[in-house]
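Features reported for this protein in TrEMBL:
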type	residues	note
ACT_SITE	Arg52	active site, proton acceptor
ACT_SITE	Glu160	active site
BINDING	His12, Phe13, Thr14, Gly21, Arg52	NAD(+) binding site
DOMAIN	8-209	domain 'DarT'
Amino acid sequence: MEHNRDGKLLYHFTDISNLPGIFSFGLMSRAALNRSHLNFSDNANHEILSKRANFLINGDKRIDLAECVPFHFKAKTPFDYALVHKASLNIENLVYITIPRTLAAQNPEYFFVIPRHPVSSNPPILPYNEGIQQVLWDDLDNRSPDSFLDHQKNINRMAECIALRTIRAEEFLSIYVYSETTAIKVNDLRYHYSPMANFYINVNPNMFPSIKR
C-alpha cells in the first residue's frame, strides 16, 4: 500500500479553462486574481471562503487564506469529489496541477501546512517541515467505505499546503489529465501560452474521483 506521507507531490485541482491564465501568469491566489481582474472558473464553496479570512501563521502573523495558493497532499480529496459531482462539470475538463514537495520543503518562507481542513476549529498554520509532522496521515491513507462517512476523518483528509506566492508554470512537475483528448488540449495550451514550461502531461483516469466512490 502506498502511503501519502511518502508522496512526492502536492496537488491543485482546477478546470482546464483556467489553464491559459495559469500558463501565462502562474498559479495565483484568489486575491491576486481578483486584483489583476483576471477571469477564472470559480468552483470554490463561498460559504467556506468567508470563514478563511483571519488565520495565524506561526502564532503571530495574521493572513487571509485568499492570499494563498492551496494544494492538497493527495488526489481524490472530499473537495475533489464535490467538484466532480457538480452537474455542470465534465470530468475531462478537470486537471491536477502538481508541484514537487521538495519545492515546499526548500522554500519554508513561502510554504506552510494546515494539518486539517482550514475551517475546522481554527487549526494552526505551521512551517512546512513542522506541519507535515502534524498531518494525520493514517486518515489520508484510509480508503475503507465507512471512513468516508466519518466527518472527522474527512476533515483530516483536507489537510492543505499553502503557498504565499504565485507558482510559475516552469515550476510545475506535471499535470494529470483524465484522457488523451484532454492531454492534447493541455499540450496545445502550453505551447501557446507557456512554451518554456517543461512539465509532464500524464493521462491517469484512476487518479480522478469517480461519480460513485
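Note: Cβ is positioned from N, Cα and C throughout, glycine not excepted.
Whatever TrEMBL says is automated annotation, not expert-curated.
Positions of TrEMBL features highlighted on the structure.
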residue : record              : Cβ contacts under 8 Å, 6 or more apart
His12   : NAD(+) binding site : Leu27, Val69, Pro70, Phe71, His72, Tyr96, Ile97, Thr98, Ile99
Phe13   : NAD(+) binding site : His72, Ala75, Thr77, Phe79, Asp80, Leu83, Leu94, Val95, Tyr96
Gly21   : NAD(+) binding site : Met28, Leu33, Leu38, Asn39, Phe40
Glu160  : active site         : Pro70, Phe71, His72, Val113, Ile114, His117, Pro118
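Following the DSSP three-state reduction, the secondary structure of His12 (NAD(+) binding site) is strand. Under DSSP, Glu160 (active site) is assigned to a strand (E or B) in the three-state scheme. Taking the domain 'DarT' (8-209) as a whole, pLDDT averages 87 in the prediction.
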